[in-house]
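Taken verbatim from Swiss-Prot:
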type	residues	note
TOPO_DOM	1-52	topological domain 'Cytoplasmic'
TRANSMEM	53-73	transmembrane segment
TOPO_DOM	74-218	topological domain 'Extracellular'
DISULFID	Cys90-Cys101	disulfide bond
DOMAIN	97-201	domain 'C-type lectin'
CARBOHYD	Asn110	N-linked glycosylation site
DISULFID	Cys118-Cys200	disulfide bond
Amino acid sequence: MNAAKVETSSMGMLQRADLTAADCLQEGEMGKKIQGKCFRIISTVSPVKLYCCYGVIMVLTVAVIALSVALSVRNKIPAMEDREPCYTACPSGWIGFGSKCFYFSEDMGNWTFSQSSCVASNSHLALFHSLEELNFLKRYKGTSDHWIGLHRASTQHPWIWTDNTEYSNLVLTRGGGECGFLSDNGISSGRSYTHRKWICSKFVSSCKSRVGSVPRHV
């Protein structure tokens, strides 16, 4: 009797073991199927989406770079135009420099006569507002002294230009006279009745480009 019970118990354990093994095999096969599906999803869908994302990012990056370059070039164009040389359109016999025209006389006269001659040609005895202009006048005048537009009431008064603006003392004026003239040493002063050549200057409101006639420059 006991032997029969033992045999029956052993058979039950073997059946349960078989069921457990079958279940494990079934679960294993299902796991493989699920794993295969996951691999297929990862291998077919995710890379495509990832590549699409990469593509969109690259397109946007290129677009941003192109826009930045275009804006940079556009901002530089006005600056380049500002640096384009401006050629002053001066009357015959006058010399253009910057935004002014200058006339260097061959005749001689006192300071008052020289100023009157300049006024007759819609100008004044020469004014300068920078060292570049002053160096140009010194270079072009030759060896002769020339009256310019500086004058003062006395040595106790400031220097005034012929347009009634005060001289900034950009360059020291030598001498104790009441009228200024340009010499090889720079700006000097002397008596108004002394006869010298003179320089007239006037502003111009327009410039000529490179195309067409170009006035004489030094």
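First residue shown is number 1, and so on along the chain.
For all residues, glycine too, the Cβ spot is worked out from N, Cα and C.
Positions of the features from Swiss-Prot, shown on the structure.
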residue: Cys90; record: disulfide bond; DSSP class: coil
residue: Cys101; record: disulfide bond; DSSP class: strand
residue: Asn110; record: N-linked glycosylation site; DSSP class: coil
residue: Cys118; record: disulfide bond; DSSP class: helix
residue: Cys200; record: disulfide bond; DSSP class: strand
Tally every other Cβ atom lying within 10 Å of the Cβ atom of Asn110 (N-linked glycosylation site).
17
CA-CA, which of the recorded positions Asn110, Cys118, Cys200 lies nearest Cys101 (disulfide bond)?
Cys200
Select one residue from Cys90, Cys200: among these disulfide-bonded residues, choose the one with the most other Cβ atoms within 10 Å of its Cβ.
Cys200
Distance check, please: Cα of Cys200 (disulfide bond) against Cα of Cys90 (disulfide bond), rounded to an integer number of angstrom.
12
So what's the mean pLDDT when you look at the topological domain 'Cytoplasmic' (1-52)?
54
Using C-alpha atoms only, work out the spacing between Asn110 (N-linked glycosylation site) and Cys90 (disulfide bond) and round it to an integer in Å.
26
Cα distance (Å, whole number) from Cys118 (disulfide bond) to Cys90 (disulfide bond)
15
Reduced to three DSSP states, the topological domain 'Extracellular' (74-218) has 29 helix, 43 strand, 73 coil
Would you mind listing, in sequence order, the residues at least six apart from Cys118 (disulfide bond) in the same chain with a Cβ closer than 8 Å to its Cβ?
Tyr103, His124, Leu125, Thr162, Trp198, Cys200, Ser201
